[in-house]
């Protein structure tokens, strides 16, 4: 029985799970359709494309509103943290702040522009801002990781999607692990960008609005935050949202003003004394607001915190809904011939000997697309579902993600160009630090194929999450929330606590990594006890016991739901018995399950016979 099954169904373990699935055109061919069918197919395709563009528009607008909501709800606290130089003098604290701020605004373009504006305003020095800029790269990669969670229904699709999303994470983490200690020791990013700034004479300009021209009509109808407070993330005690918009007219008028004596008069002819009071005519500036804002909260008597929390809930709801719908719509659109064409174009390499050029062109494409949408989160979130359904390979998604890191730095450069003349050099320097950091990471982890560790790490994590899907949520919570908050709390406690707790943890982590590598490559270099982790409890080196715990917890939750349903059914049955009727419950048998149970029983009987007949 086993041999015949093996002949009919080849072992799935022999297949490479990372090979792109073969996309078949299962639909009706275009030539087989009549005129009505062709018109209907074109109409449906156009409507799907319009709906996709609309969902992308709502996704980008929700990111903008989410940024404003966090600034309204926590801008004052963030401003106080930024201005606390004792905290930011620690590079690790600055790195974690960059991660957390980017998690809040969900765009490294926005967070890097905030940092550039704060450097321009003199709130931060360039040296303090360097670790924050590094942290913005890490924080922005959580969005596409959340998008991958929407494809958890199919195991193979989820494997590819989660690996395609986390390849961006691993690139950013590895770049920070290498470049942050190097910067703290040598300051090479600061020195190199300083030399570049000093060698050019750059004049101040205005940063053009690109995607904001399209999104502002919707976002400004919901909320408008004061521009200078939005950039500095340090909100005043008064309302941070605008009540009066557009230009305010300033008029110079002569008004009576009481002064302490004749010596303070504007002119002798414009001064007179009325009893003990000296009055003079003086030019006074009066501001007349021309137009009142039209956003939803202009006349609402709520605090910044309340408005921020309301917008936070609504924007998160719209954001998650758009992500799910975009994934579903892409899955329905990219089928058949369309998917075949896109898959062939994106994954095809240039002919020998120019195959190596393909990856660098993909980097340029990713940078250009990110520059257009002005958000690396939007671009990487768009390619993640394509990786999941097998249209884009992980090897091709990797350079596209690297290009998005380059493209997102252009926003900070444009924001720096809008700085005043005396602060332009510092603002542009920190923007160039962001660009040089990403270029340095690409030099480390892309040109030589052996050094493309993010791809191997992402595939390893994808294999784990395909077997234990709950581990994806653990990864997101641990890497993007628990770890940054833990490091930040240690940084607040001081260098002594940070070193005392952090160094032993790092030593243990490095030891585990080295032992794992030697166990796979050269186990003979290790003592017999360390050639496997079997000497540890099973829960310490395997996820299987934790999977059982998660399964038990899930089963209990489902059991509670079933118990509630069972109680309702029993109540209905009792009610029907009282009414003199009989409830007939249908039993649905699964033939496949019955056959499987019979086969299992036969195998058990055969094994028992073999055991008893062994010589």
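Cβ coordinates come from backbone N, Cα and C, glycine included.
Automatic prediction, not curation, is the source of TrEMBL annotations.
TrEMBL assigns the feature transmembrane segment to residues 427-448, out of the candidate ranges 405-426, 427-448, 537-558. Residues of the same chain lying 6 or more positions beyond the ends of the transmembrane segment (493-518) and with a Cβ under 8 Å from any Cβ of it are 90, 92, 487, 525-526, 530. Away from its own ends, the transmembrane segment (427-448) comes close to residues 112, 115-117, 119-120, 126, 129-130, 133-134, 136-137, 171-172, 174-175, 178-179, 189-190, 192-194, 196-197, 202, 359, 363, 398-399, 402, 405-406, 409, 412-413, 415-417, 419, 454 of its chain (Cβ-Cβ under 8 Å, at least six residues beyond either end). Here the transmembrane segment (378-395) sits apart from the transmembrane segment (170-191); fewer than 3 CB pairs are under 8 Å, leaving out pairs fewer than 6 apart in sequence. Here the transmembrane segment (170-191) has Cβ contacts under 8 Å with residues 91-92, 95, 126-127, 130-131, 134-135, 137-138, 141, 398, 401-402, 405, 429, 433, 436-438, 440-441, 444-445, 453-454, 457-458, 479 of the same chain, all six or more residues outside its ends. Long-range contacts of the transmembrane segment (468-487) within the same chain, counting only residues at least 6 positions beyond its ends with a Cβ under 8 Å from a Cβ of the stretch, are 92-93, 95-96, 99-100, 103, 138-139, 142, 145-146, 148-149, 152, 155, 158, 162, 166, 169, 173, 461, 498, 502, 543, 546-547, 550.
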